[in-house]
């Protein structure tokens, strides 16, 4: 990773105004803020000494924070690296504090889109704000020491910024193909999506994931890729083409719901464990849509129920269960797809609900899942005339105005498949990826052809390089995606 060489105008807000604290003082502070961390102390020479014995009795948060701060301080004399801090964990939780290696002060980088730390960030060294207990519902942070010291977003090329916005697929027998490999090696791809055709089993998915992650680790953006899949449950055509055949849940959401919260939570636990073994770190599930009679999702068994309260409660249970394995959950399909008469994979869906109903019923069902720790929200490919005449992933009114400004979501937003039949008349996949980025969506799924992601990458790169897509917006989106990539386990 090329060190930072240019000092950007600082907008870092100092949290601790007194003079730079000592290591011990900072550790005392961190131990109080990050309780319940279960990461072990890294092995060090002389562990059998009195000092080592004393430290072995320290609170786990102190142990992990000590190691993180020491690594930061050891590198702090190299002024070329500049300031290092932490972007907060994705989702609705507040940003974690970081440590300025030059001054030794705690800093808040929540409003600094030019930098995301991947080593000293406590989203990496310490699970987020109390996560890490076995019963904690939130996806736990990665604790590997192999994360890079820092990623300066200002140093990323337009191609690397563009790549953070894309989810590529490969449905051929040579997985991954040379074009996808090349993007990953250059740090120009942030995520991939697996399907049954390329990864029918846990073992096959694991081989693919390991290969891709090895490429990512050697890239200029050496943080884990997002490896995603649709593992909703059920065996219908829609879910069957997208899932691992030998991994749970095997029952549909409708079938799981019949067993109540405990059954749904157990389904989430089993799904998370299987996906973890498969090397998948993001599940594009659960469905948080409130089903209506004779609607597409209801007919497919993909909705947990017909009331916002039931759907919210069961969605949260699945998220909690899945999060125990460190797999991130995606709530879908915002602002609510439960009234659609047709699946957008196969045709155009217009949802004629009023804005008041969408907000009171359909959007409300998403809140419990977010509180339970879901880190992504997928936008529906449907059209909502009460909100905007454009499909949701192409609508800034929905992707920004509704989801972020009104609903208050601060995590990673993601499109449904931009190559779905519902959007075919709206443009090429590359054009749709650009339109989704302009609308403010963080990640665009290109789910049918690998070449579509390559074309979309070229188009987005041009948009950023020429300024038609403002770089500040590209950096803000990349910060959210990189925070998610950094915080998840490999």
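Quick reminder: no glycine exception, Cβ is built from N, Cα and C everywhere.
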TrEMBL annotation (region 'Disordered') - matching range among 172-200, 201-229, 230-258:
230-258
What range among 1-23, 116-138 does TrEMBL describe as region 'Disordered'?
1-23
Within the domain 'Glycoside hydrolase family 3 N-terminal' (180-483), what mean pLDDT does the predicted structure show?
95
